[in-house]
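Peer 1: These came from TrEMBL, pasted as-is:
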type	residues	note
TRANSMEM	6-28	transmembrane segment
TRANSMEM	72-92	transmembrane segment
DOMAIN	79-116	domain 'Mechanosensitive ion channel transmembrane helices 2/3'
TRANSMEM	98-120	transmembrane segment
DOMAIN	118-182	domain 'Mechanosensitive ion channel MscS'
DOMAIN	190-274	domain 'Mechanosensitive ion channel MscS C-terminal'
Amino acid sequence: MDNWETWLAGGLRILLITVIAFVVRLVVRRALTRLIARLNREDEKDGRRRMARGGRLVNAERRRQRSEAIGSVLRSAASVLILGTAGLMVLSQLGIQLGPLVASAGIIGVAIGFGARNLVTDVLSGMFMLLEDQYGVGDTIDAGEVTGTVLEIGLRVTTLRGENGAIWYVRNGEIKRVGNLSQGWAVAAVEVAVAPDTDVTQVRKLIATAGEEMSAVPPWDELLWEPVEVLGLESVALDSMVLKVTVRTPPTQAPPVERELRWRIKRALDTAGITQVDPPAVSLVKSTD
C-alpha cells in the first residue's frame, strides 16, 4: 500500500511538473508572439519611414522580418529552457542521478556541436546580423562573391537577387564581410573630356548651369542631395583634358543620376558649340630591358 501511495504521489508530481511546464511554455510563447505583433502593428501604423535625407522610402518589411526572426529565436530559447528544466525535474522525481547524466549529455552535446559546427556558425552569424541590423530586406549588399538585393533574411541563409535576376542563397556563416550599398549616401561621378584649347571657365559654368537645371525638376530634385560640383581637371593630355564632376545621391541611385547628368552636360556643351573628345587612352609598353 505504501508503495502504491509513493508511486501515485510521484506520478502526480510528474504530471503536475509536465502540465505546469507546458502551460508556462504556452504563456511565454504567446506573450512573445503578441509583443512582436504589437511592434509590427506600430510600424505599420507609422507607415513607411523616410530617410533623413532625400526621398527614398524604407520598406517596413525590413523591420517586420527582423523582429519576427528575433521573436522566433526567443521563443525557441524559452521552450528549450522551460522543457529542459522540467525534464530534469521529472528525472529527479524518478530517482535518477542527474550528475552522471548531465556529464554524459555534455559529452554528447560536444560531439553533436562538433558535427554541426557549420550549422551553429550559420545560426549564430544570422542572429548577430539581425541584432546588429547590418542589412535588411530591400537593401543592396556586397556579400563577397555575390552582390544583390536582399529578399529574405533567415537565421541560417540570406536570400539575394543578383543584378541578372538570379536568386542566390548565401549561408550566413560564409559572409565574412558585407558592404551595405543602401545605407548612407552614394556619389555620382561623371568625367567630361574636351579639347585642350577649350575655355575651362566656360565649361565649368555650363556644367554648373546644367546641374542647377537638373536639381530643379522632379525626380532629380530629390535625388541630388548637394549641388553639382566640378572638382577640376582630372587629367590633361596633348589631345584632351578631363574635368571631374560629382554629386551626392541617395544609396543605389548613382547610376541613373550619372546617366541624366551626362546627357544634360552634353546637351549644354553642344548648344555652346563645344565638342567633347575621347578621353586619353592608357597604353602599356613592354620593356626591352
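Cβ from N, Cα, C; glycine included.
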Peer 1: Six or more residues out from either end of the transmembrane segment (72-92), which same-chain residues have a Cβ under 8 Å from its Cβ atoms?
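Peer 2: Answer is 14, 17-18, 20-21, 24-25, 28-29, 32-33, 98, 101, 127, 155.
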Peer 1: Sequence-remote contacts (6 or more beyond its ends) of the transmembrane segment (6-28), Cβ cut-off under 8 Å?
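Peer 2: That would be 75, 78-79, 82-83, 85-86, 89-90, 93-94.
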Peer 1: Considering every residue in the domain 'Mechanosensitive ion channel MscS' (118-182), what is the mean pLDDT value?
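Peer 2: Summarising the domain 'Mechanosensitive ion channel MscS' (118-182) by its mean pLDDT gives 82.
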